[in-house]
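*Asks:* Can you read through this structure? Questions will come right after.
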Amino acid sequence: MLTEVLTRVAVVVGIMLPISIALFIGRERLETTFTEWRARLRISGPVLVVLGIALVLNRMMRRSDPDIGFHMTSAIRDIEGEFILIFQRVANAYLTEYFAWIYVYGYTYLLIFPAVAYFVLSDTRMFRRLLTAYTLNYGLGLVLYLLVIAYGPRNILAGELETVLYDHNPEYQHLTREVNRNTNVFPSLHTSLAATVGIFAYLSRDEYLKWFPVAVVLAVSVIISTMYLGIHWAIDVVAGLALAALCVWLSDVIVGRWSLSASIGRLTGSDGSDGADESDGVDSD
(Lines of atoms letter the chains of each structure in order from A and count residues from 1; the text may use other names and numbers.)
(Lines give C-alpha, C1' and ligand atoms only; values in the text may rest on other atoms or scores of the structure.)
Protein backbone atom coordinates (compact mmCIF):
# COMPACT_ATOMS: atom_id res chain seq x y z
CA MET A 1 0.00 0.00 0.00
CA LEU A 2 2.89 2.38 0.75
CA THR A 3 4.25 1.90 -2.76
CA GLU A 4 0.82 2.60 -4.22
CA VAL A 5 0.41 5.83 -2.25
CA LEU A 6 3.93 6.99 -3.10
CA THR A 7 3.29 6.24 -6.77
CA ARG A 8 0.10 8.30 -6.74
CA VAL A 9 1.86 11.21 -5.05
CA ALA A 10 4.70 11.02 -7.56
CA VAL A 11 2.28 10.94 -10.50
CA VAL A 12 0.15 13.84 -9.26
CA VAL A 13 3.14 16.03 -8.38
CA GLY A 14 4.86 14.95 -11.59
CA ILE A 15 1.90 16.30 -13.56
CA MET A 16 1.64 19.52 -11.56
CA LEU A 17 5.33 20.45 -11.83
CA PRO A 18 5.65 20.80 -15.63
CA ILE A 19 2.37 22.70 -15.75
CA SER A 20 3.64 25.06 -13.04
CA ILE A 21 6.99 25.46 -14.81
CA ALA A 22 5.16 26.53 -17.96
CA LEU A 23 2.85 28.90 -16.08
CA PHE A 24 5.22 30.49 -13.60
CA ILE A 25 8.80 30.07 -14.82
CA GLY A 26 8.79 30.35 -18.59
CA ARG A 27 11.07 29.26 -21.39
CA GLU A 28 13.72 31.98 -21.14
CA ARG A 29 14.73 31.11 -17.57
CA LEU A 30 14.86 27.41 -18.46
CA GLU A 31 17.15 28.08 -21.42
CA THR A 32 19.51 30.08 -19.21
CA THR A 33 19.48 27.31 -16.62
CA PHE A 34 20.60 24.74 -19.21
CA THR A 35 23.82 26.71 -19.68
CA GLU A 36 24.42 27.60 -16.03
CA TRP A 37 23.15 24.62 -14.04
CA ARG A 38 26.60 23.22 -13.26
CA ALA A 39 27.83 26.47 -11.75
CA ARG A 40 24.59 26.93 -9.81
CA LEU A 41 24.77 23.38 -8.49
CA ARG A 42 28.39 23.86 -7.47
CA ILE A 43 27.47 26.98 -5.51
CA SER A 44 24.36 25.43 -3.93
CA GLY A 45 25.72 21.90 -3.53
CA PRO A 46 26.94 22.28 0.07
CA VAL A 47 23.52 23.48 1.20
CA LEU A 48 21.88 20.53 -0.57
CA VAL A 49 24.23 18.15 1.24
CA VAL A 50 23.44 19.71 4.62
CA LEU A 51 19.70 19.48 3.90
CA GLY A 52 20.10 15.82 2.95
CA ILE A 53 21.96 15.09 6.19
CA ALA A 54 19.26 16.90 8.17
CA LEU A 55 16.53 14.82 6.52
CA VAL A 56 18.36 11.55 7.24
CA LEU A 57 19.01 12.49 10.88
CA ASN A 58 15.41 13.64 11.22
CA ARG A 59 14.13 10.30 9.99
CA MET A 60 16.52 8.29 12.18
CA MET A 61 15.76 10.21 15.37
CA ARG A 62 11.99 10.09 14.88
CA ARG A 63 12.09 6.33 14.41
CA SER A 64 14.39 5.75 17.39
CA ASP A 65 11.73 6.83 19.93
CA PRO A 66 14.16 8.15 22.61
CA ASP A 67 11.34 9.44 24.91
CA ILE A 68 13.58 12.01 26.59
CA GLY A 69 11.21 14.97 26.56
CA PHE A 70 8.33 16.31 28.60
CA HIS A 71 4.81 14.92 28.22
CA MET A 72 2.70 17.97 27.36
CA THR A 73 -0.59 16.63 25.96
CA SER A 74 -2.62 17.56 29.04
CA ALA A 75 -1.04 21.00 29.28
CA ILE A 76 -1.78 21.76 25.64
CA ARG A 77 -5.35 20.53 26.02
CA ASP A 78 -5.87 22.63 29.16
CA ILE A 79 -4.56 25.78 27.48
CA GLU A 80 -6.39 25.33 24.21
CA GLY A 81 -9.62 23.80 25.40
CA GLU A 82 -12.02 22.74 22.64
CA PHE A 83 -10.98 25.26 20.02
CA ILE A 84 -10.12 22.56 17.51
CA LEU A 85 -13.76 21.42 17.46
CA ILE A 86 -14.77 24.66 15.75
CA PHE A 87 -13.87 23.07 12.44
CA GLN A 88 -16.52 20.41 12.96
CA ARG A 89 -19.21 23.08 12.62
CA VAL A 90 -18.33 23.70 8.97
CA ALA A 91 -17.22 20.19 8.09
CA ASN A 92 -18.67 18.45 5.05
CA ALA A 93 -17.58 15.72 2.65
CA TYR A 94 -16.23 18.14 0.05
CA LEU A 95 -14.09 20.08 2.53
CA THR A 96 -12.78 16.87 4.03
CA GLU A 97 -11.77 15.57 0.61
CA TYR A 98 -10.17 18.89 -0.28
CA PHE A 99 -8.12 19.18 2.90
CA ALA A 100 -7.08 15.52 2.73
CA TRP A 101 -5.81 16.12 -0.81
CA ILE A 102 -4.06 19.31 0.26
CA TYR A 103 -2.42 17.66 3.28
CA VAL A 104 -0.75 14.99 1.15
CA TYR A 105 -0.52 16.10 -2.48
CA GLY A 106 -0.72 19.87 -2.14
CA TYR A 107 1.88 19.93 0.62
CA THR A 108 4.36 17.83 -1.35
CA TYR A 109 3.97 20.02 -4.41
CA LEU A 110 4.23 23.19 -2.30
CA LEU A 111 7.65 22.15 -1.00
CA ILE A 112 9.10 20.93 -4.30
CA PHE A 113 8.05 23.56 -6.83
CA PRO A 114 9.69 26.57 -5.10
CA ALA A 115 13.02 24.72 -5.09
CA VAL A 116 12.71 24.30 -8.86
CA ALA A 117 11.58 27.90 -9.33
CA TYR A 118 14.44 29.39 -7.33
CA PHE A 119 17.06 27.11 -8.88
CA VAL A 120 16.33 28.57 -12.33
CA LEU A 121 17.04 32.11 -11.10
CA SER A 122 20.54 33.24 -12.11
CA ASP A 123 21.13 34.57 -8.61
CA THR A 124 21.30 31.46 -6.42
CA ARG A 125 20.80 33.34 -3.15
CA MET A 126 17.05 32.76 -2.92
CA PHE A 127 17.50 29.07 -3.72
CA ARG A 128 20.14 28.68 -1.03
CA ARG A 129 18.03 30.61 1.45
CA LEU A 130 15.06 28.32 0.80
CA LEU A 131 17.16 25.18 1.31
CA THR A 132 18.68 26.68 4.45
CA ALA A 133 15.22 27.50 5.81
CA TYR A 134 14.06 23.94 5.07
CA THR A 135 17.09 22.58 6.90
CA LEU A 136 16.47 24.79 9.91
CA ASN A 137 12.80 23.82 10.00
CA TYR A 138 13.65 20.13 10.09
CA GLY A 139 16.53 20.57 12.53
CA LEU A 140 14.80 22.84 15.04
CA GLY A 141 11.54 20.95 14.59
CA LEU A 142 13.26 17.70 15.49
CA VAL A 143 14.70 19.22 18.67
CA LEU A 144 11.24 20.39 19.72
CA TYR A 145 9.72 16.99 18.89
CA LEU A 146 12.26 15.37 21.19
CA LEU A 147 11.61 17.87 23.98
CA VAL A 148 7.81 18.07 23.71
CA ILE A 149 5.98 14.75 23.71
CA ALA A 150 2.32 15.26 22.89
CA TYR A 151 -0.53 13.57 21.06
CA GLY A 152 -2.73 15.34 18.54
CA PRO A 153 -6.51 15.83 18.60
CA ARG A 154 -7.11 12.67 16.57
CA ASN A 155 -5.72 10.64 19.48
CA ILE A 156 -7.38 12.61 22.29
CA LEU A 157 -10.71 13.72 20.80
CA ALA A 158 -11.29 10.87 18.39
CA GLY A 159 -14.92 10.43 19.43
CA GLU A 160 -15.71 14.10 18.80
CA LEU A 161 -13.95 14.51 15.46
CA GLU A 162 -15.67 13.47 12.25
CA THR A 163 -12.98 14.66 9.87
CA VAL A 164 -9.95 12.64 11.01
CA LEU A 165 -7.73 12.04 7.98
CA TYR A 166 -7.17 8.35 8.57
CA ASP A 167 -10.87 7.60 8.98
CA HIS A 168 -11.63 8.94 5.50
CA ASN A 169 -8.35 8.03 3.80
CA PRO A 170 -6.80 5.16 5.77
CA GLU A 171 -4.26 4.50 3.02
CA TYR A 172 -2.42 7.70 3.95
CA GLN A 173 -1.35 6.12 7.24
CA HIS A 174 1.19 4.05 5.35
CA LEU A 175 2.84 7.22 4.10
CA THR A 176 2.73 9.31 7.27
CA ARG A 177 4.08 6.45 9.39
CA GLU A 178 7.28 6.62 7.36
CA VAL A 179 7.93 10.24 8.34
CA ASN A 180 6.04 10.79 11.59
CA ARG A 181 5.15 9.42 14.98
CA ASN A 182 1.91 10.07 16.86
CA THR A 183 3.77 12.34 19.27
CA ASN A 184 5.25 14.56 16.53
CA VAL A 185 2.74 17.37 16.91
CA PHE A 186 4.52 20.36 18.52
CA PRO A 187 5.29 22.29 16.43
CA SER A 188 3.39 21.53 13.23
CA LEU A 189 6.07 21.09 10.56
CA HIS A 190 3.38 21.08 7.88
CA THR A 191 2.54 24.58 9.11
CA SER A 192 6.11 25.80 9.46
CA LEU A 193 7.23 24.57 6.05
CA ALA A 194 4.07 25.76 4.30
CA ALA A 195 4.39 29.18 5.95
CA THR A 196 8.07 29.26 5.00
CA VAL A 197 7.14 28.77 1.35
CA GLY A 198 4.46 31.44 1.66
CA ILE A 199 6.95 33.95 3.08
CA PHE A 200 9.47 33.18 0.34
CA ALA A 201 6.73 33.60 -2.26
CA TYR A 202 6.17 37.09 -0.86
CA LEU A 203 9.89 37.86 -0.88
CA SER A 204 10.23 36.68 -4.49
CA ARG A 205 7.03 38.23 -5.83
CA ASP A 206 9.03 40.50 -8.16
CA GLU A 207 10.38 37.40 -9.91
CA TYR A 208 7.25 35.22 -9.60
CA LEU A 209 4.24 37.49 -9.23
CA LYS A 210 1.75 34.87 -10.46
CA TRP A 211 3.12 32.25 -8.08
CA PHE A 212 2.65 34.44 -5.01
CA PRO A 213 -1.18 34.17 -4.67
CA VAL A 214 -1.10 30.46 -5.54
CA ALA A 215 1.52 29.80 -2.87
CA VAL A 216 -0.44 31.77 -0.27
CA VAL A 217 -3.68 29.87 -0.98
CA LEU A 218 -1.90 26.52 -0.82
CA ALA A 219 0.04 27.44 2.33
CA VAL A 220 -3.08 28.63 4.15
CA SER A 221 -4.93 25.50 3.01
CA VAL A 222 -2.16 23.26 4.35
CA ILE A 223 -2.18 25.09 7.68
CA ILE A 224 -5.96 24.80 8.05
CA SER A 225 -5.88 21.14 6.98
CA THR A 226 -3.69 20.21 9.94
CA MET A 227 -6.43 21.33 12.34
CA TYR A 228 -9.45 20.40 10.24
CA LEU A 229 -8.20 16.81 9.91
CA GLY A 230 -7.50 16.53 13.64
CA ILE A 231 -3.74 16.15 13.27
CA HIS A 232 -2.56 19.24 15.16
CA TRP A 233 -3.76 21.54 17.91
CA ALA A 234 -4.00 25.27 17.23
CA ILE A 235 -1.05 25.73 19.59
CA ASP A 236 1.03 23.49 17.32
CA VAL A 237 0.08 25.70 14.40
CA VAL A 238 1.04 28.90 16.22
CA ALA A 239 4.38 27.33 17.12
CA GLY A 240 4.82 26.30 13.49
CA LEU A 241 4.22 29.86 12.30
CA ALA A 242 6.77 31.18 14.78
CA LEU A 243 9.27 28.53 13.67
CA ALA A 244 8.74 29.51 10.02
CA ALA A 245 9.41 33.19 10.75
CA LEU A 246 12.55 32.29 12.71
CA CYS A 247 13.89 29.98 9.99
CA VAL A 248 13.31 32.52 7.21
CA TRP A 249 15.11 35.19 9.24
CA LEU A 250 18.00 32.87 10.09
CA SER A 251 18.31 31.84 6.44
CA ASP A 252 18.90 35.48 5.54
CA VAL A 253 21.51 35.84 8.28
CA ILE A 254 23.33 32.62 7.40
CA VAL A 255 23.34 32.96 3.62
CA GLY A 256 23.95 36.69 3.79
CA ARG A 257 26.91 36.55 6.17
CA TRP A 258 28.56 33.20 5.60
CA SER A 259 29.10 31.00 2.56
CA LEU A 260 30.03 27.34 2.78
CA SER A 261 30.82 27.17 -0.94
CA ALA A 262 33.11 30.21 -0.68
CA SER A 263 34.90 28.66 2.29
CA ILE A 264 35.45 25.45 0.35
CA GLY A 265 36.67 27.51 -2.60
CA ARG A 266 39.26 29.25 -0.43
CA LEU A 267 40.48 25.94 0.94
CA THR A 268 40.82 24.43 -2.54
CA GLY A 269 42.20 27.57 -4.13
CA SER A 270 39.12 28.13 -6.31
CA ASP A 271 37.00 31.27 -6.34
CA GLY A 272 33.86 29.25 -7.18
CA SER A 273 32.61 31.86 -9.62
CA ASP A 274 32.26 29.79 -12.82
CA GLY A 275 29.37 31.52 -14.49
CA ALA A 276 26.46 31.83 -12.09
CA ASP A 277 25.82 34.95 -10.05
CA GLU A 278 26.69 33.66 -6.62
CA SER A 279 25.76 36.80 -4.66
CA ASP A 280 27.50 35.02 -1.84
CA GLY A 281 29.45 35.63 1.35
CA VAL A 282 29.53 39.35 2.15
CA ASP A 283 26.58 40.92 0.36
CA SER A 284 26.28 44.45 -0.96
CA ASP A 285 23.45 45.14 1.43
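Any Cβ shown, glycine's included, is placed from N, Cα and C.
The following feature annotations were taken from TrEMBL:
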- 6-27: transmembrane segment (TRANSMEM)
- 39-57: transmembrane segment (TRANSMEM)
- 98-121: transmembrane segment (TRANSMEM)
- 133-152: transmembrane segment (TRANSMEM)
- 135-252: domain 'Phosphatidic acid phosphatase type 2/haloperoxidase' (DOMAIN)
- 185-204: transmembrane segment (TRANSMEM)
- 211-231: transmembrane segment (TRANSMEM)
- 237-260: transmembrane segment (TRANSMEM)
*Asks:* Averaging the per-residue pLDDT over the domain 'Phosphatidic acid phosphatase type 2/haloperoxidase' (135-252), what integer do you get?
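*Replies:* Mean pLDDT across the domain 'Phosphatidic acid phosphatase type 2/haloperoxidase' (135-252) comes out at 87.
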*Asks:* Could you break down the residues of the domain 'Phosphatidic acid phosphatase type 2/haloperoxidase' (135-252) into DSSP helix, strand and coil, giving a count for each?
*Replies:* 84 helix, 2 strand, 32 coil
*Asks:* Taking a Cβ cut-off under 8 Å, which residues six or more beyond the ends of the transmembrane segment (6-27) line up next to it in the same chain?
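*Replies:* For the transmembrane segment (6-27), the nonlocal Cβ contacts are 104-105, 108-109, 112-113, 116-117, 120, 175, 208, 210-211, 214.
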*Asks:* Would you say the transmembrane segment (237-260) and the transmembrane segment (185-204) are touching, if the rule is that at least three C-beta pairs must lie under 8 angstroms and be 6 or more residues apart?
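*Replies:* In contact, yes.
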*Asks:* Ranking 39-57, 133-152, 237-260 by Cβ pairs under 8 Å to the transmembrane segment (211-231), which is first?
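*Replies:* By the under-8 Å Cβ criterion, the transmembrane segment (211-231) pairs most with 237-260.
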